[in-house]
Amino acid sequence: MQVKENKQLCLISLGCSKNLVDSEVMLGKLYNYTLTNDAKSADVILINTCGFIESAKQESIQTILNAAKDKKEGAILIASGCLSERYKDEIKELIPEVDIFTGVGDYDKIDILIAKKQNQFSEQVFLSEHYNARIITGSSVHAYVKISEGCNQKCSFCAIPSFKGKLQSRELDSILKEVENLALKGYKDMTFIAQDSSSFLYDKGQKDGLIQLIKAIDKQQALKSARILYLYPSSTTLELIGAIESSPIFQNYFDMPIQHISDSMLKKMRRNSSQAHHLKLLDAMKQVKESFIRSTIIVGHPEENEGEFEELSAFLDEFRFDRLNIFAFSAEENTHAYSLEKVPKKTINARIKALNKIALKHQNHSFKALLNKPIKALVEHKEGEYFYKARDLRWAPEVDGEILINDSELATPLQPGHYTIVPSVFKDNILLAKVLSPF
């Protein structure tokens, strides 16, 4: 029997869903603590940091400083994850308020580090396996599954390989065991994630690893629905798009950050791809029935000129992504682009403002296209007193949108799970829907 310690833990997980998986592994090691959202009452405050771009670093630092100010006497403050790893040589002096620093290699040893009250930075980047117990957060029906760590790409702007290392794929059997274990606990919807999902198993000499994963999950039949995030253009193929389209489990969801469309900019960004390849993949994705396409672009990369920006702008307006992340270039140490001549911030801000208008126009069109027709959805939990929170089954959690179902229109309370619903109203970036039936 698991016995709870009479101690409280406040976990703050910053950054991406990949970070969240590592946070859930740490929760698994600290199962005997009582969880609290109140840092002031916690005996242990654990902040899993993000160190991706400047804004993320500032958020991590501010969160640490706020926790240091709020923590009670005797409480332990821990900073783990990417920011700690990236700046491990200087961070102890820069933020002396922290009691324990650890990076990206020791998530499964967090209980030992707390007991010994010691710092640790293992060289090997940690990759969660099926035998690492996780406490899933935020949902009783959805879980993330990390299929690899690190990245072999050499993008000019990205510092991630400098602290997350080379591509390190899990064995397919380990992933299948984790999926089975989670499905037995009721998690029937999963999102598969990595730094570069489409390169899964490249490090083991296999070029169709993600296709094999899709086929294995289909054959296993443990899940009702799934999707894949973070496809990289140069390792994404028409065959992979076809495998997703043919799958009864994987949704027709395509998340492929293109970063730019101009050939000259793709070369400057060292993306190892071309406009022609992007267009071939994107057109194939659009041909898939009821496909949902998300992408990411960077505005103001060094040497981006007006002509290249106009080319990008015209393409985005013509293609009409369902969702689009727009980032301002962030100059990061240990990257090729760091020392290149910068585009003025004023120019970057003006370009982002113009692209945001385009992105919002097409996003709203994507939402409105769902009105007054049956769609498959996942109901996750009660949101406030009167509504259930749901999402289109194609959507990734948190980032793609929100659907609310009014409980006053229901004969009986809803259990989390899969339902056919009909959205009827789109207002304030939210869809309101009625439930037809479970499936």
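Placed from the backbone N, Cα and C atoms, the Cβ positions cover glycine too.
In Swiss-Prot this protein carries:
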- Cys16, Cys50, Cys82: [4Fe-4S] cluster 1 binding site (BINDING)
- Cys151, Cys155, Cys158: [4Fe-4S] cluster 2 binding site (BINDING)
- 7-119: domain 'MTTase N-terminal' (DOMAIN)
- 137-368: domain 'Radical SAM core' (DOMAIN)
Would you mind reading off the Cα separation of Cys82 ([4Fe-4S] cluster 1 binding site) from Cys158 ([4Fe-4S] cluster 2 binding site), to the nearest angstrom?
13
Most Cβ neighbours within 10 Å: which of the binding-site residues Cys16, Cys50, Cys82, Cys155 is it?
Cys82
Residues that sit under 8 angstroms from Cys151 ([4Fe-4S] cluster 2 binding site) by C-beta distance, when 6+ apart in the chain:
Cys158, Ile160, Pro161, Lys164, Lys166, Leu167, Gln195, Asp196, Ser199
Give the residue counts of the domain 'MTTase N-terminal' (7-119) per reduced DSSP state, in the order helix, strand, coil.
52 helix, 23 strand, 38 coil
Relative to the mean position of the Cβ atoms of Cys16, Cys50, Cys82, the recorded [4Fe-4S] cluster 1 site, which additional same-chain residues have Cβ within 8 Å?
Leu14, Gly15, Lys18, Asn19, Thr49, Gly51, Phe52, Ala56, Gly81, Leu83
Measuring Cα to Cα, how many angstrom lie between Cys16 ([4Fe-4S] cluster 1 binding site) and Cys155 ([4Fe-4S] cluster 2 binding site)?
19
Non-site residues, in chain order, whose CB comes within 8 A of the mean position of the CB atoms of Cys151, Cys155, Cys158 at [4Fe-4S] cluster 2:
Gln153, Lys154, Phe157, Ala159, Ile160, Pro161, Gln195
Spatial separation of Cys50 ([4Fe-4S] cluster 1 binding site) from Cys155 ([4Fe-4S] cluster 2 binding site) - C-alpha basis, Å:
19
